[in-house]
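Residues or ranges marked as transmembrane segment by TrEMBL: 20-44, 65-84, 111-129, 136-158, 164-190, 202-224, 278-300.
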Amino acid sequence: EVVSVRESGWKNYWIRGVLSIAMISGFFLIIYMGPVTLILVMSVQIKCFQEIITIGYRVYHSYDLPWFRTLSWYFLICVNYFFYGETVADYFGALVQREEPLQFLARYHRFISFALYLAGFCMFVLSLVKKHYRLQFYMFAWTHVTLLIVVTQSHLVIQNLFEGMIWFIVPISIVICNDIMAYLFGFFFGRTPLIKLSPKKTWEGFIGGFFSTVVFGFILAYLLSQFQYFVCPVGFNSETNRFIVECEPSDIFVMQEYTLPTVLQNALRWKTVNLYPFQIHSISLSSFASLIGPFGGFFASGFKRAFKIKDFASTIPGHGGIMDRFDCQYLMATFTHVYIASFIRGPNPSKVLQQLMMLQPEQQLGIFHTLHSHLRQRGMLPPAAAAQA
């Protein structure tokens, strides 16, 4: 019996190991595919939604509720229509201006989205059945919380992707690194339990994972910051109808010289060090992935314990469902989006230009004259340009 248990354990590790390698290989394929990965983000989002909704159906025995299965997926379509419509309007302005049907959809996008949601809301009210009111409202709330967790955060992943592939690759990679290194440190050195929700997690794994992830993120940031393909915002060329990743790298991806603190100067015998500013930002991202990111996994563990299930699904043998692999990734994506908006992103000239191109000619001319007068008053226009104007 002991031998059979040991063989079963090794078989489980073998399955997990092979599939881990397959998933990492798939991740490199995603990087090679470039911006087309937003199709994959959409697929992962749908699968995560399906796994969580299915748990709701099973827990509340709600398979027989009228229209509810259909309404759950209808709300998913509505929310995706809203978020992806916003993305199209933001990043594909030139394409929208060229196609008349898209102009109409872009102009009234939020009204159409709200009307679609109202239709679903009315359908839900009409589907209420006596003796099932409480159960139906349970599932209505379950659906909306699932949409908030999955769809909203998937949209933030796409927003990060458009800021540059590096904002997509680094956050995902450091969460994977932290997961692996925390497991290895816990396996070899773990003695002290970390949290009751996850009995296998240890302080040794948590601390070892933190330092390993910071070092990994720092090195990965250095490697990726050297290539335009990773650091340039993703754009769309309306003439070729293709994504483009070309730009003059921003300051955070240009090598800078930094003076080290006196303590480090004495210890390392170096006065200055050359770094990409993004490497410093990577320390913040890695610290979040190591210290706060795991709480996404703890939350998922608590959720599964609450409903007495081992995994969200059995999609990936040895690993559970897709949601089991992305419980920390969604939290990381949200932090990355907030971090970019708070500390990185400045005014985007291309977006401003897109909005200007959507105005009427007389409005554009008025803005031109206002801008011209402002620049001339600040002495930023040469005399020749001022005379010609």
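For all residues, glycine too, the Cβ spot is worked out from N, Cα and C.
Owing to the predicted nature of the structure, the values given are computational and were not obtained by experimental measurement.
If you count C-beta pairs under 8 angstroms between the transmembrane segment (136-158) and each of 65-84, 111-129, 164-190, 202-224, 278-300, the highest count goes to 65-84. Remark: the transmembrane segment (164-190) contacts the transmembrane segment (202-224), by the rule of 3 or more CB pairs under 8 A. Sequence-distant contacts of the transmembrane segment (65-84) (same chain, at least 6 residues past either end, Cβ-Cβ under 8 Å): 42, 45-46, 49, 53, 57, 109-110, 112-113, 116-117, 120, 123-124, 127, 129, 132, 135-136, 139, 143-144, 147, 151-152, 155.
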